[in-house]
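Quick look at what TrEMBL annotates:
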{"type": "SIGNAL", "residues": "1-27", "note": "signal peptide"}
{"type": "DOMAIN", "residues": "38-151", "note": "domain 'Plastocyanin-like'"}
{"type": "DOMAIN", "residues": "163-311", "note": "domain 'Plastocyanin-like'"}
{"type": "DOMAIN", "residues": "418-552", "note": "domain 'Plastocyanin-like'"}
Amino acid sequence: MESIRKNLKLELMGIFLLNAFVFSVQQTTVPTINWVLKETSYTRLCSTKKILTVNGLFPGPALRVHKGDRMTVNIENQGRYNVTVHWHGVKQPRNPWSDGPAYVTQCPIKPGANFSYDLIFSSEEGTIWWHAHSDWSRATVHGPIIVYPENGTSYPFSQPDDEFPIVLASWFKGDVMEIIQTALASGGEPNKSDALTINGQPGDLYNCSKQGTYKIMFDYGKTYLLRLINSIMNEEMFFMIAQHNFTVVGADGAYIKPLETDFIFIAPGQTMDVLIKANQSPSHYYMAARAYSGVVYDNTTTTGIIQYNGNYMPPSTPAFPNLPDYNDTDATTNFMRQLKALASKDHPIDVPKTVDVQMFVTISVNTVPCETNTSCEGPDGTSKLAASLNNISFVEPEVDLLQAYYRKLEGIYETDFPNMPATVFNYTADEFPDELLLPEKATKVKVVEYNSTVEIVFQGTNLLQAAENHPMHLHGYSFYLIAKGYGNFDNATDPDLYNLVDPPEVNTVGVPKNGWAVIRFRADNPGVWFMHCHLERHASWGMDIVLIVKNGNTEATSMLPPPNYLNPC
């Protein structure tokens, strides 16, 4: 098998050199920006280290576009590791070539090489983001994408006076790539982050951090738009600003019915557009974020400061928000249940009422045997931690799947990802037979016909007592979140809970701890698309699947041809 894969790699390299393809729709007027990935020294938590950045920035630069725009981002990799970049929430119609996940839609950009991403914006409007999509480099390689309304149109709410991206992230004192490589080799949990950050700064509650605490200046009486992004590696977050309320107006690049709340719950991968009125007495107020409980989580609190302009005596300590408790599941449930699509004349939705493809996908943390006779750091000392969907633990191929699919290469992947788990069991029980802990390690994909309607029931499991909220993200699409619940999904009664009128249109869904979530979408974007848990350690363990959407019957419903250069594996 190894010799077959080596021959396939050589064949692909030959194809890259002998065949040049150009996008038939490429326009000379498409703007191009250039980014450089490089190691940059940053000091946090009393110590200095080099981190991988875009143009030396952490978080990275914001992309600002209008709905329906197109642009090219050329990335030169001057770092030490292979890297790719994913444009999270950009649907990239017919263009998986620029989607970015390593070994799924492209081979990585090697040190010293470059790659040009063709970004095709379509129906997205609001805040989305970009991030590295190779190993754990997204810890420092990420930034906002702000999609303004199409020229000549406006927001479905009053124009805010100003806006601020708020990027939540993780900070590790160690090298993030070494952390995950060590964990995968040993089979245990990776190290937790040492701090959480707001726009790159840990905030007042950490050592050596107060001087750099992120601050926003408010003018009394004005309204501000906060563009909130959770780029944290492994934690769902609560976010508040002391004595201020929010109006949530968007999520994952789509508008929602205005939601009045005093806190935000946001999972890794998710974005939210939040209006805040500067209507409190001029003073200083903390914004703060901390994790909702998981099996392993960073339980520290990151802060920033809202500071009003004007003449007043500043407080000795800013007012602090009363964040929900780390285990307040009721708060998370009530918040997410209130998210509804705007579903207006100018921002319509189209929820599939019938379903062609039904999938029931279990989400599990598993174990696999140690690879040698030596002990591992898994739960029992003889195994390694793994993760799976329908008991299939995804194995990263040596040749990217998009190339393999497009070139009809054999032996790279299998097309029999199951619509149901092989074994039906009490998914949320406290104890399980040992045989349920061992997944099949394989590179399997799910193939669907163009324009078919798809329903997926995600069912969380409590294998290894490791149940937690799983943020499942689908590339190339937004989908409708039509229902959520706790316990085991009941096919006889739970469909009565479906919201087919105004469900939120999102690209990442938090599947509740020991619960389930149901999504629907129309498979009208041909290509090879990744779907995975956005808790980074779970994705590293194999909680991933690839969806292949076949071409339609016309050129306009088929994948675009490859660009004129593709990085070799």
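Using the three backbone atoms N, Cα and C, a Cβ is placed for every residue, glycine included.
Since this is a predicted model, take the numbers as computed values, not measurements.
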Please work out the helix, strand and coil residue numbers for the domain 'Plastocyanin-like' (163-311) from the DSSP assignment.
14 helix, 71 strand, 64 coil
Could you give me three numbers for the domain 'Plastocyanin-like' (418-552), the DSSP helix, strand and coil residue counts?
17 helix, 56 strand, 62 coil
Pull the DSSP breakdown for the domain 'Plastocyanin-like' (38-151) and write it out as helix, strand, coil residue counts.
6 helix, 57 strand, 51 coil
